[in-house]
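So that you can see what the record holds, here are the features copied from Swiss-Prot:
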ACT_SITE  HIS37  active site, proton donor
BINDING   30-37, 149-152, 186-189  ATP binding site
BINDING   GLN61  beta-alanine binding site
BINDING   GLN61, GLN155  (R)-pantoate binding site
Amino acid sequence: MLTLSDIGELRNHLHAARRDAKRIALVPTMGNLHAGHLALVDAARRDADVVVATIFVNPLQFGANEDFASYPRTLEADAQALASHGCDLVFTPRTDALYPHGLEAHTQVSVPDVSEGLCGANRPGHFTGVATVVSLLFNLVQPDAAYFGRKDYQQFMVIRKLVADLHFPIEIVGVPTQRAEDGLALSSRNGYLSAAERQRAPALYRTLCQVHDALRAGEAPPTALRDGLAALAEQGFKPDYLELRRAQDLGPIAPDTQEAILLVAAHLGTTRLIDNLAVSLPR
């Protein structure tokens, strides 16, 4: 596996791959990799000739009081994991290479509508940071396909709209959420949980499943969501939101909505956890 941090070297290497008509897949990450990230690499490996992963802790998507400084940097272990899953190239750019004029002066990309509400309401500017760095990486790598986990469902929808609106010729592939045996969605931030919190954390997914089952049984969404929020509070969570949205665009559900998605964000101690679950609403 090749490791590059220079933009010019990256472009030269991938130019040769495109010249040979090779299909290029991109897996953007912030590092501190777990089995969820590696599932993206595995999916890319099945589909492409050249698999490119990026490791970049993007300061533009962190808020002022968030965990940018403490976010784990585990480059050596990450590189070993990527190589063992068949990644061909890992790109590890410096911040001043991607943002040469600084964060405030850099052109930023904002995706309206789908980035508003949910995590967008609780993390102002987060999705602008995500859309900006992903646009940069799309421009530098010029992949045929890019792979994102569905655990970050709102982010996945932001990227899909970004690609559609800006006419990037890139296929966006969503990979199902990877979970621990007890149901907790895999996340780099799970490492922030204390041992006691880690034991309680699977209740987030269990609550989603309970709300899902109530909705499938015909319970009115406001009632099911209210009961879900109460259940989370009883189990020690501080919810940011628990909402039911249209799966296709995160718009509000309507009487004729069939395919919906439950989305939750909640704090357990100092750790913010997110999850989601698709639900087919009864007619």
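Glycine too: its Cβ is placed from the backbone N, Cα and C atoms.
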Rounded to a whole number, how many Å is the Cα of GLY36 (ATP binding site) away from the Cα of GLN155 ((R)-pantoate binding site)?
15
Whole-number Å distance between the CA of ASN32 (ATP binding site) and the CA of the residue listed as 'beta-alanine binding site'?
16
Nearest-integer angstrom distance between the alpha carbons (Cα) of the residue listed as 'active site, proton donor' and GLY149 (ATP binding site):
8
Are there any residues in the same chain, six or more apart in sequence, whose C-beta is under 8 angstroms from the C-beta of LEU186 (ATP binding site), and if so which?
HIS34, ALA35, GLY36, LYS151, THR177, GLN178, ARG179, ALA180
DSSP-derived class (H/G/I helix, E/B strand, else coil) of MET30 (ATP binding site):
coil
About how far apart, in whole Å, are the alpha carbons (Cα) of SER188 (ATP binding site) and GLN61 (beta-alanine binding site)?
15
